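S.K.: Take this structure, written in structure tokens, and hold onto it; I'll ask about it next.
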Amino acid sequence: MAKRWCLRFATLLAALLSATAACLDVGFYDRTCPSAEAIVQQTVAAAFRNDSGVAPALIRMHFHDCFVRGCDGSVLIDSTTNPNNTAEKDAAPNNPSLRFFDVIDRAKAALEAQCPGVVSCADILALAARDSVELAGGLAYELPAGRRDGLISREADALSDLPPPFFNATQLADSFASKGLTVEDLVVLSGAHSIGVSHCSSFAGVPNNPADRLYNFSSPDNIDPALSNAYAFLLKSICPFFSSQFVPTTTTFMDLITLTKLDNKYYVGLSNNLGLFISDAALLTNATMKALVDSFAQSEATWKAKFARSMLKMGQTQVLTGTQGEIRRNCRVVNPPNATATAGSHQVVAESGSSGFNNGVAAE
């Protein structure tokens, strides 16, 4: 029997009436598309062999998907001109930092060739993130599936829901709590900063940038005192302020200890004032968060076990199931009104004509 994972979540209506349960299943595609998980895994592995940056990018993409309208694949939808809509992927927290949408496209194309209209883009992204965790960190876990794809993707939602890299501890905790995630989940998932790179603009150098720790911080020398002096010097050499060499899109690795390995060294570095973002350093300003940082710095096994659980929990945030949403045939666009992708497509027809298109965590 397939394992069933149910996460109870409240909506405004549910708060007034009753809670709803969104259930996902391990082995969800065993009968309808038995090779689904293998196809995604093979696609991600091939991309990873070519560029190890694929792993942090897909983990981050999944996080940014789940934090905006839930894990519904809405981050994959392209902006449109008719009707005019700027999608999540083109919001400032995502563009140009989100990368490797083409990996999801390739997985979707392979799945459509074998099992047309069966596997959702939301599940493909969740599976790709899970596979990225294994490739970069050697951590494997079963992932329940059954998510369906959302019909709405708006820049404004990304701007309002994604925690920026200058949040303090309270703001971070509140942001995660709004998605049903705990302080422990926050600290655990921040460990994904063990891999990937960040743009200079997420921690330095442009006027009135609240994320700047190097040039405009409120301190005597304009440098964040929570940042190691040696690290600040290094970052300034990478992101020189207002010089001809300064390019906001220049990137640097977020973890100086193990650049491309998903492990607990993020916490080791953080404990030595080597956290890249204001939001990283913020984890040391709260007693509960700091205790977790210290624990994970001492035990990689403890962190990895909790990381898998927190990824599973995040992956069930406000999911669409059953006949909600749709199964997109192309992850970049919602299905046309006459699409017959899967059961429940009659609901897609009704919703795709709605007002939906009328309108951190910083890492990559």
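For all residues, glycine too, the Cβ spot is worked out from N, Cα and C.
Keep in mind that this is a model prediction, so the values were computed, not measured.
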S.K.: Looking at the candidate ranges 66-88, 204-226, 342-364, report the one that TrEMBL labels region 'Disordered'.
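M.R.: In TrEMBL, the region 'Disordered' feature sits at 342-364.
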S.K.: Determine, on the basis of TrEMBL, the cysteine among Cys33, Cys121 paired with Cys115 in a disulphide.
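M.R.: As annotated by TrEMBL, the paired cysteine is Cys33.
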S.K.: Disulfide-wise, see what TrEMBL says Cys331 is paired with, picking from Cys121, Cys200, Cys239.
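M.R.: So the cysteine paired with Cys331 in TrEMBL is Cys121.
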S.K.: Roughly how many Å lie between the Cα atoms of Asp263 (Ca(2+) 2 binding site) and His193 (heme b binding site), rounded to a whole value?
M.R.: 9
S.K.: I'd like to know the mean pLDDT over the domain 'Plant heme peroxidase family profile' (23-335).
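M.R.: That region's mean pLDDT is 95.
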S.K.: Relative to the Cα of His193 (heme b binding site), which of the binding-site residues Gly70, Pro163, Asp255 have a Cα no more than 10 Å away?
M.R.: Asp255
S.K.: Cα of Asp255 (Ca(2+) 2 binding site) to Cα of Asp65 (Ca(2+) 1 binding site): how many Å, rounded?
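M.R.: Given the Cα positions, Asp255 (Ca(2+) 2 binding site) is 23 Å from Asp65 (Ca(2+) 1 binding site).
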